[in-house]
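Features reported for this protein in Swiss-Prot:
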type	residues	note
BINDING	B:H121, B:H125, B:Y142, B:D313	divalent metal cation binding site
BINDING	B:Y142, B:V143, B:S144, B:G145, B:G146, B:D174, B:G189, B:E193, B:N285	substrate binding site
Amino acid sequence: MATDDNFPCSLTLRVPFPDARLASVALQALRVDKELSGLVKRELSTVASPGSEHAGETVLQVDYKATTNRMLRVAVNSFMDSLALVLEVQEEMDVDVIESEKASI
Amino acid sequence: MPDAKGRRIALGCEGSANKLGIGIIAHDPITGEALVLSNVRDTFVSPPGTGFLPKDTARHHRAYFVRVAKKALALSGVSISEIDCICYTKGPGMGGPLTSVAVGARTLALLWGKELVGVNHCVGHIEMGRAITGASNPVVLYVSGGNTQVIAYAEQRYRIFGETLDIAVGNCLDRFARTLEISNDPAPGYNIEQLAKQGGRVLLDLPYAVKGMDCSFSGILGRADDLAAQMKAGEPGPDGEPFTPADLCFSLQETVFAMLVEITERAMAHVGSNQVLIVGGVGCNERLQEMMGAMAAERGGSVYATDERFCIDNGIMIAHAGLLAYETGFRTPLDESTCTQRFRTDEVFVKWRD
C-alpha cells in the first residue's frame with residue numbers, strides 16, 4: 001500500500017479461508033461497522049491466494065493505515081476480536097455443520 | 001420460508017447491555033399468535049461493588065454467542081430452512097456489546113441466506129409485553145438499567161410521555177447496590193428487592209424528584225449514598241436509632257417507585273387508558289408491580305407485567321418485534337445493519353398496528 005504522510009503507520013492482514021464463499025461472508029459481515037476513529041483508515045477486500053488463483057478469492061485482505069502505532073494497535077486488536085467471532089460462527093454454525101449435527105443425534 | 005404449518009419464524013439476538021439473549025419465535029399466519037420456541041440467555045455478572053464495563057461485556061457476548069445460539073436453535077426444534085429472518089438489536093444500548101452481537105447475527109444471516117431485521121430494543125420490550133400479557137392498548141412503563149420512559153401508542157408511533165432527565169431508575173438501583181457492595185448475581189436490583197423486604201422500620205428521607213411528566217434519579221442516588229456512608233460510620237437515623245442496609249433499600253425503592261407510579265398515573269389520565277403494562281428489567285420487581293397495581297385498581301383498571309423470562313432483556317423480544325416488522329415488508333439491508341447507541345422509541349414507524 002502506498003505510504004501516506006498523514007497515516008504513516010500501516011499493517012496488512014491476509015486471512016486465508018477454506019473457500020471463496022466463507023471469505024466473502026467474512027468480508028460482508030466485517031465491513032459494515034466503520035472504524036470509530038478518523039485517525040484510522042481501513043480497507044477490506046477478498047483476493048486470490050497466490051499460487052491457487054483457480055480457487056477464487058479465498059483470502060480476506062485487510063489494509064490498515066493509522067496516524068500512530070497506538071491507534072493502529074487498538075484498531076487491529078478490535079478487528080481481530082470481531083474476526084474471531086466470525087470464524088467461530090462459520091466453524092460451528094454453517095448450514096452443513098448444523099444439519100450434520102442434527103442428523104447424528 | 002414458513003414451516004410445514006405455515007408459520008413465520010424468526011431468530012432474535014439481543015446484547016445491548018450485560019445479557020446475551022438468543023430466542024426463536026413463530027407467528028401463526030391466521031391468528032397472529034406468537035409462540036416462543038426457545039429463549040436462551042447468558043448474563044455477564046461483574047463482582048460486587050463493580051458495574052459491567054462495555055469492553056468486558058462485549059468480550060462476554062462474543063465468547064458465548066455460538067453456545068447460546070446453538071442451544072436456542074436446538075431447543076426450538078426448527079431447521080435452518082424454516083427460519084424467515086435474523087433479527088438483532090440495533091439500539092439503544094452500549095456500542096461494544098451491541099456491535100459484537102450484530103457481527104454474530106450478520107454472519108448467521110450470510111451463512112444461512114436470511115434477511116436481517118434491525119430492532120429497536122425498547123419496541124422489543126413493548127411488543128413482547130403486549131404479546132405475553134394480552135394488554136391491547138396499555139400505557140407502558142419501560143423501566144430498566146438503561147431506560148426509564150412512560151409510553152403510549154398513537155398513530156403508528158410509541159410516543160414518550162415522560163422519561164428520566166438523567167440516569168435510568170435501574171441504573172440508580174444498580175449503582176446503589178454497588179455502594180452497599182451487594183452481589184450482582186442474579187441481578188443487583190433483585191438483591192435490593194430481597195433486602196428491602198427486611199427493611200421498613202424507618203422510611204429514610206430521600207428527595208422526591210418528579211418534574212412534570214419527567215423524573216430525576218441522580219440526586220436521589222447521591223443522597224442514598226450519603227446515608228449509606230453515615231450508616232457505615234455508625235451514625236443514627238432520624239429517630240435516633242441505627243438503621244440498616246435493608247432500611248436504605250426499602251426507602252430507596254419506596255421513593256423511586258412512588259415517582260414512577262405518579263408519572264404513569266398522569267399518562268393514563270391523559271390518554272384515558274386504565275391498563276398499564278410494565279416492561280424492562282425493573283418491571284420484575286414485585287413491589288413496583290404491587291404499587292402500580294394499587295394505583296390502577298383505584299382507577300378501575302389493572303396492571304400487566306411479565307416474569308423475568310420476558311421482563312429482563314432477552315432474544316425472543318427482538319425476534320418477536322423483528323418478525324412483526326418483517327411481516328409488513330421491513331428489511332435491514334446488510335450495508336445498513338449497523339448499531340447505534342442512541343435510538344429513541346418514537347423513531348420507529350409502527351406499521352404493524354392500526
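Each residue, glycine too, has its Cβ placed from N, Cα and C.
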By Cβ count within 10 Å, point out the most packed of the binding-site residues listed: B:G146, B:G189. B:G189
Near B:S144 (substrate binding site), which residues of its own chain have a C-beta under 8 A away, given they sit six or more steps off in sequence? B:A17, B:H125, B:A168, B:G170, B:G280, B:G281, B:V282, B:G283, B:D313
Which one is it: of the binding-site residues B:G146, B:G189, B:N285, whose Cα lies the shortest distance from the Cα of B:H121 (divalent metal cation binding site)? B:G146
Taking only the CA atoms, the spacing between B:N285 (substrate binding site) and B:Y142 (divalent metal cation binding site), expressed in whole angstrom, is 12
Rounded to an integer, what is the Cα-Cα distance in Å between B:Y142 (divalent metal cation binding site) and B:G189 (substrate binding site)? 15
Mind checking which of B:H121, B:H125 has the fewest other CB atoms within 10 A of its CB? They're the binding-site residues. B:H121
Substrate site residues B:Y142, B:V143, B:S144, B:G145, B:G146, B:D174, B:G189, B:E193, B:N285: biggest Cα-Cα distance, Å? 18
Cβ within 8 Å of the divalent metal cation site centroid (B:H121, B:H125, B:Y142, B:D313 excluded): which residues? B:S16, B:C122, B:G124, B:I126, B:S144, B:N147, B:V279, B:G280, B:M317
Kindly assign B:H121 (divalent metal cation binding site) to one of the three DSSP-derived states: helix, strand or coil. helix
